[in-house]
Amino acid sequence: MADDSAILSDVDDDEDLSSSHPAAAASTATDHRLRDLQSELEQERQLRRAAEESLKSRDVSLSRLKAFAQDIIKKRDEITKERDEIAARRAETLRERDDAIRERDEVIKERDEAIKERDGALRERESVKSEAETASQLMASGIDLISGKVARFRAFDGFPKSQKYATGLPAVAYGAIKRANDIVDEMTKQFDLAAGERDRAQQQIEHRNYEIAIEVSQLEATIARLKEEVSEKEKAVIERGAEISEMGKEISELRKEISVMEKEISEVRQFGEEKNAKLKDLEARIESQRPVIIDQLSNISKTFEKVNEIVVVADGGSVSDQRSSFVWEEMDMDRNLQALSEGIVSVYKTAEIAVEKVRGGLEEKERRISVLEEKVNGLMAEKQHIGTLLRSALSSKTNEVLQVAESGLREAGIELRFDGRDENGGVDGVDEDEVYTLAGALENTVKASKQKIVELQHLVEALRAESSLHKAHLDAQTKEISQLKLQIKELEKKELVANESVEGLMTDIAAAEEEIARWKAAAEQEAAAGRAVEQEFLSQLSTLRQELEETKQTMSELENKLKFKEETAAAAMAARDAAVDSLRLADLRSSRLRERVEELSRQLEANDGRTDSRSDQNSHRYVCWPWEWLGLNFVRYQPDVQENSNEMELSEPFI
C-alpha cells in the first residue's frame, strides 16, 4: 500500500505539471463569471433600492393626491350645499312675494268695497241734496208763480228775508210764508175791490187764467230745463269723482310698482354681491390649491425621474432620452392640471417600462442559471465519459489496482466500478505505470470537477434564492403597480370629475356674471324709466291733489249749500203747509164775504125797486155807499187787526 501511494503521489506531481494551464484558465473564467454575477446582483440591489424609494415617493404623492381629491370633493359638496341653500332662499322669497300679492289683492278688494260704500253714501247724500234743492226750487218757483199770478195786483220786489233766519230752508220758508201772507193780504184787498168790479173782473180773470196757464207752462218748461241741468251737473260731479278715484287707484298701483321695482333692484344687487363674494372665495380657494398642485407636480416629476433611473439601471447604464413633459405655469390653472395629468400618465408609462426591464433582467438571469445548469450537466456527462474511458483503459489491470482505484474514487465520493476483466480473470496488457498515472490524473480531475460541481451547486442555489426573492419582489411590485394603476385611474376619474365641476362652476359663475350684468342694465333702465314715470306721476299727483282740494272745497261749498237747501226745503214745506192753511182760511173768509156781499146786493136791489125817487143816487151806490156806517170796511179791513190775525194764522202750523 505504501508503494501504491508513492506511485500515486508521483503520478499527481506529473499530472500537476501537465494540467496546471487548463485549470488556471478555468479558474479565471469562473472568477469573471462570479464577478459578473456579483455586479449584476449589486445592480439589482441598487435597482431594488431605487424602486423602493420611488414607491415610497409615489405613495407620498398618491397620499397627497388623495388628500387633494378629498378636498376637491369636500369643496364640491360645500358648493352644492350652498346652491341648494340659494334655491331654498329663492323659493322662500317667491312664497313671500306670493303672500304679499295675495294680501295686496285683499287690501284692494277691501278698498273697492269701501269706495263702493262711500259712493253709495255720496249718492244718497246727492239724492237728499237734489230733493232738498228740488223742494227749495219748487217752493221758490211756487212762490214766484203765486207772486206772478198776483203781480197784476201788486209787484213784489225781491224775496222776503228774516232777521232770525238768515240762510237755509227756514229762511226760504219764512220768505215763502211772508210772501204768501202778503199775497193773501193783497188778495183780500182785491176781493174787497172785486165786489164793485165783478163783471169786468170775470173777464179779466178769464184772460188772466189764460196768461197764467201760459206762464205755468213756461215755468214748467224752465223747471224741467233746470232739472235737466241739475241732473247733468250731478252726473258731471259723479264722473269727476269716478275719475278722481281711478286716478287715485292708478297712483297707488304706480307706487306699488315702484316699490316692487326697488325691491327687485335691491335683490339683484344683493344677488350680484353674493356672486362676487363666491367668485372671490373660489379664486382664493384656487390660489390656496396652487401650492398643493405645485407640490404634486414636483413629486410626480421626482417619481418620473426615479422611475427613469430604474429604467436606465435596467438598461445597463444607458442614458434615457425621456424628460418630464410637464412644467408648472404660474398663471394658467387649467394647463397646470393638464400637466399634472400628463405627468401621471408619463409616470405610469415609465413604470410599465421599468417593470418590463426588470422582468427582462430576471428572465435573463434565469436563462443564465439554466445555461449554468446545462454546463453542470455537461460536466457530469464528461465525468461519466471519462469514467467509461478509464474503465476501458484499466480493464486489463489486476483486480487489486481496480479495487484501489475504486476505493480511491469511493473515498472521493464517486461510485465507479471497473468491470473490464477478461474471462480468464486477467487484465489487458497495459503497463502498471500508465495505470497509476491515469489513476492519479483521474483522481485530480475528479477532485477538481467535484469542487467545481460543489461551487456551481452553491452558486445555483444562491442564484435560485436570489431569483426567488426577485420574483417575489417583482410580484409585489407588479401588485403595487396594478394598485397604482387603479389608483391612477381613480385619480384620473376624480380629476375629470373635479375638472368638470370646476368647469361647471366657472360656467355658472360666468352665467351668473352675465345675468348680473343683464339684471343691472335692466334694473338701471327700469330705474330710469321708473324715475321718469315717478316724476310724471308726481306732477300729475300734485295737479290731482290741487284738483282734489278744489273739489273738496266745492264739495264743502255744495254741502253747505245742500244744508242750506235742506233747511230752506224744510222751511218751504212748513211755509207751504202754512200757506195752504192760510189759503183755505182765506177761501172760507172770501166765500163768507161773497155770500154777505151777495146778500147785501140783493137787499139793495130790493130797496132799489121800492124807491124810485132816489134812482139817480142809487146809480152811484157802488161808489159812494157809506159802508163804514154799517160797521164794515168792504175795501179793506182794519190793518192792525187783519195783520195780527194773519200772523196768528201763519204761526199756527209752526206752533
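Backbone N, Cα and C define each Cβ position, glycine as well.
Remember, TrEMBL labels are computer predictions, not curated facts.
The annotation region 'Disordered' is assigned in TrEMBL to 1-41.
As annotated by TrEMBL, compositional bias 'Low complexity' applies to 19-29.
Remote same-chain residues near the compositional bias 'Basic and acidic residues' (30-41) are listed as 361, 365, 368, 452, 455, 459, 463, 466 (criterion: CB distance under 8 Å, separation of at least six residues from the stretch ends). According to TrEMBL, the feature compositional bias 'Basic and acidic residues' maps to 30-41.
Annotated coiled coil per TrEMBL: 90-131 (among others), in sequence order.
Annotation comment: TrEMBL describes 184-271 (among others) as coiled coil.
Over the coiled coil (355-382), the average per-residue pLDDT in this prediction is 77. The feature coiled coil is assigned by TrEMBL to 355-382 (among others).
Residues or ranges marked as coiled coil in TrEMBL: 446-610 (among others).
Only residues 6 or more beyond the boundaries of the coiled coil (355-382), in the same chain, are considered here, and those with a CB under 8 A from a CB of the stretch are 37, 40, 44, 47, 51, 310-311, 314-315, 449, 452-453, 456-457, 459-460, 463-464, 466-467, 470-471, 474, 477-478, 481.
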